[in-house]
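As given in TrEMBL:
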BINDING   C369, C372, C375, C418  [4Fe-4S] cluster 1 binding site
BINDING   C379, C408, C411, C414  [4Fe-4S] cluster 2 binding site
DOMAIN    359-389  domain '4Fe-4S ferredoxin-type'
DOMAIN    399-430  domain '4Fe-4S ferredoxin-type'
Amino acid sequence: MFSTIATFKGGVHPPEAKEASRDKEIKTLELPGKVVLHLQQHIGAPLEAVVEKGAEVKVGTLIARPTGFVSVPLHATISGTVKAVEECLHPAGLNMQAVVIEGNGKDEWEPVPAVAADYSGLSVDELRKRIQEAGIVGLGGAGFPTHVKLSPPAGKTIDTFILNGAECEPYLTADFRQMLERTADLAAGIRIVRRILGCGRVILAVEDNKPEALQALAEKFGEEEGYKVTGVQTKYPQGGEKQLIEALTGRQVPTGGLPMDVGCVVQNVSTVLSIYDAVSRNLPLIEKVVTLTGPAVRNPGNYRVRVGALVEELITRVEGAVPGNLGKAIMGGPMMGLALPSLDVPVLKGTNGLVLLEEPVPVSAHLPCIRCGSCVDTCPIRLMPCELALFAENDRWDKCREYFVKDCIECGSCSYTCPAGRNLVQLIRFGKYKVISEDQRKKK
């Protein structure tokens with residue numbers, strides 16, 4: 001029913017650590033008492049708040065509107081009262097503008113327009129509009145507005161849509177559980193995306209450490225023309241869209257290019273399910289399935305939570321952390337996630353996991369490079385991380401540019417494999433930031 005052959009050059013094999021939550025069915029948590037909804041939750045144009053302190057809101061109330069095409073609206077995720085529109089701590093460690101809502105515990109919704117059982121009569125433009133109005137962005141972490149990704153410019157022909165079911169980050173199992181528990185909805189969402197793109201080929205890619213998901217999708221699509229269920233090798237970062245495209249099609253996204261430059265669009269499982277919910281039920285993006293796991297977690301599992309819920313409240317509600325044993329909290333997975341500055345930060349649209357680590361958390365040594373080349377062998381983009389890190393360490397931004405620093409996907413494979421414990425990805429990320437900042441200054 002499916003094959004397991006595809007992979008990419010490079011990558012690493014960190015411990016999967018998925019056993020604590022992979023067999024736990026998704027549970028819906030009680031409503032949070034308060035939500036903090038940051039206006040900046042996606043790549044693109046900023047949002048403008050349309051509510052003020054004291055406003056009464058319901059679930060689905062528009063609270064911030066986009067200021068450009070590459071942007072999406074933001075909706076209230078609980079019913080209650082707007083307590084403030086102010087700067088609040090963001091998971092990235094910065095204070096950023098947010099709408100703070102204190103809940104009334106009633107879960108009152110804005111009226112949702114009825115949707116015909118058969119939504120096939122909607123035009124492609126109507127489908128895209130519904131996706132945009134629902135506030136959907138890429139839920140694999142990047143946060144790029146989905147309607148834009150599904151709107152290739154003139155001259156860009158998309159022949160392949162890839163469902164990203166790899167979920168290659170250690171610990172995380174939210175997408176895996178959704179593939180099992182919402183298989184029919186996922187299949188319907190895949191068909192919606194195919195219709196929007198008008199592509200002839202759909203590849204459903206799942207890492208081979210998830211045979212149950214592969215089997216469920218294979219049974220759903222069978223031998224249906226145009227659909228192929230493929231097991232990809234379990235390797236990190238197999239879920240990177242450029243790595244999936246290379247593994248499944250043999251095409252390489254050019255330097256500075258996008259997947260649509262090689263005729264492909266990639267969407268992950270959570271995003272496609274949100275597309276289905278928006279098109280079939282007119283639901284805005286107000287909740288996420290999040291894996292709460294890690295050595296310091298008492299009750300690991302997969303939980304459906306409202307966007308904007310505070311991490312500390314989430315952990316408390318599931319009696320998550322082992323008291324006095326929490327060394328570090330990571331939003332996302334351990335390879336590409338953010339080490340949280342505080343537990344008083346909210347779940348974002350792109351949050352797919354919370355990993356809690358015990359004390360003490362080891363710190364890498366950051367010794368001098370021994371020129372072994374391990375980072376070069378593992379880099380999935382075929383860069384030279386050792387050189388890029390040295391250039392960044394010595395403020396050689398010109399050399400960073402020359403060695404294609406902007407192509408780095410910040411997967412962390414180089415740091416993971418470095419025997420000298422060097423902070424390679426952190427240095428390269430800084431160099432990338434400097435080069436991009438310089439480019440932006442030149443455009444002004």
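We number each residue from 1, going along the chain as drawn.
The backbone N, Cα and C atoms fix where each Cβ goes, glycine too.
Secondary structure at C414 ([4Fe-4S] cluster 2 binding site), as computed by DSSP, is helix.
Of all the binding-site residues listed here (C379, C408, C414, C418), the one with the fewest other CB atoms within 10 A of its own CB is C408.
Here the binding-site residues are C375, C411, and the one with the most other Cβ atoms within 10 Å of its Cβ is C375.
With every protein chain in view, the residue among the binding-site residues C369, C372 whose Cβ has the most Cβ partners within 10 Å turns out to be C369. Between the C-alpha atoms of C372 ([4Fe-4S] cluster 1 binding site) and C379 ([4Fe-4S] cluster 2 binding site), the distance comes to 14 Å. Per Cα geometry, C414 is the residue among the binding-site residues C379, C408, C411, C414 nearest to C369 ([4Fe-4S] cluster 1 binding site). Secondary structure from DSSP puts C375 ([4Fe-4S] cluster 1 binding site) in a helix.
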